[in-house]
Amino acid sequence: MTSRHLAITMGDPAGIGPEIIVKACLGLKGRIATGDLRLLIIGSGAALDGAKAALGTDVAIPQVSADDREWPNLCYLQADAEGDPIKPGVLSADGGRFAYKAIEQGVRLTQAGRTAAIVTAPLNKEALNKAGYHFPGHTEMLAHLTGVRGSVMLLAHGNMRVSHVSTHVALEDVPKRLTPERLRMVIDLTNDALRRLGIAKPKIAVAALNPHAGEGGLFGRQDIDVSAPTIAKAVADGLDVIGPVPGDTIFVKLRAGQFDAAVAMYHDQGHIPVKLLGFQVDPATGRWQELSGVNITLGLPIIRTSVDHGTAFDIAGKGIANEHSLIEAIDYAERLAAGASASKS
């Protein structure tokens with residue numbers, strides 16, 4: 001546990017963020033009541049009220065001010081944004097504006113030490129752009145807000161932990177993103193995150209970019225010329241790193257526990273195995289039955305975790321959204337915050 005609040009940003013209030021936040025609060029009410037867990041929700045109070053009505057609950061989430069010296073264990077801070085009433089499931093610039101302002105306030109509070117970490121519910125990239133905020137996603141926005149040039153996305157579900165060399169770029173641009181400097185940064189940040197999670201001597205595997213790790217150069221030389229020497233240097237520096245491991249087998253080995261995390265070269269290479277295990281769909285309706293997994297941003301001066309799914313406008317306001325990913329994100333934020341505190345003591 002951490003003695004400070006976790007900042008929970010609502011994301012787009014027209015999405016399922018308000019609902020999964022209320023559901024998570026209900027599921028964690030025992031810990032909240034004892035003070036073992038403290039949550040500060042940042043977003044739209046009206047959207048919170050709407051979610052409570054949809055779920056038929058009157059759970060108390062009092063409003064507070066950022067300047068209050070003390071906050072109750074569970075409370076909310078109104079995002080510093082204005083706009084028309086936001087309707088569940090309706091994409092709008094106002095929804096994007098609320099999402100951005102909530103994140104901005106959460107970052108500011110966490111940088112100031114008022115909150116221990118920031119946990120983000122999903123935003124909608126189109127709504128964000130309509131509001132004038134042109135970021136590919138949360139990760140890039142947080143890097144901008146904290147003044148960081150390089151950050152790393154790590155997805156986690158159970159023991160399936162996968163960090164990424166590149167994410168929101170065209171596949172044709174991925175080889176250009178694989179440089180010795182970038183790969184070493186990803187390895188180092190992944191190693192540090194695993195140590196914060198309580199793994200004393202992390203073992204990391206690096207995925208190959210090309211089929212069969214390039215097959216001796218027949219299918220490309222990036223694995224031979226870039227990845228292999230970078231891995232060798234990391235090993236020489238005392239890290240436990242192996243690779244390049246062919247992409248068609250690395251995640252089978254990760255799931256079996258042969259190593260603690262994998263480094264993927266690009267978005268879909270890393271996202272597919274995590275979501276294959278963490279997501280389930282109802283074959284009859286096509287609706288999601290289970291949404292588990294956490295998105296962690298490494299390399300920031302603050303701790304940030306997130307759900308690993310989108311705003312789901314199609315089911316927003318219906319009381320059927322799954323909160324498991326948010327609860328996982330809260331758990332990871334606590335563990336990382338505790339690990340950060342331990343490393344400073």
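Backbone N, Cα and C define each Cβ position, glycine as well.
Annotation note: Arg304 (substrate binding site) sits in a strand segment as assigned by DSSP. Sequence-distant contacts of Arg304 (substrate binding site), defined by Cβ-Cβ distance under 8 angstroms and a gap of at least six in the same chain, are Ala117, Ile118, Val119, Thr120, His138, Leu142, Ile296, Thr297, Ala333. The substrate binding site annotation in Swiss-Prot covers His138, Thr139, Lys275, Asn295, Arg304 and is backed by similarity to another entry.
A simple way to gauge crowding: the CB of His212 (divalent metal cation binding site) has 16 other CB atoms within 10 angstroms, across all the protein chains here. According to Swiss-Prot, the feature divalent metal cation binding site maps to His168, His212, His267.
For His267 (divalent metal cation binding site), other Cβ atoms within 10 Å of its Cβ number 17. Secondary structure at His168 (divalent metal cation binding site), taken from DSSP and collapsed to helix, strand or coil, is coil.
With the fewest other C-beta atoms within 10 Å around its C-beta, His168 stands out among the binding-site residues His138, His168, Lys275.
His212 (divalent metal cation binding site) and Lys275 (substrate binding site) have their C-alpha atoms 23 Å apart, to the nearest angstrom. When the Cα atoms are compared, Lys275 (substrate binding site) and His267 (divalent metal cation binding site) turn out to be 12 Å apart.
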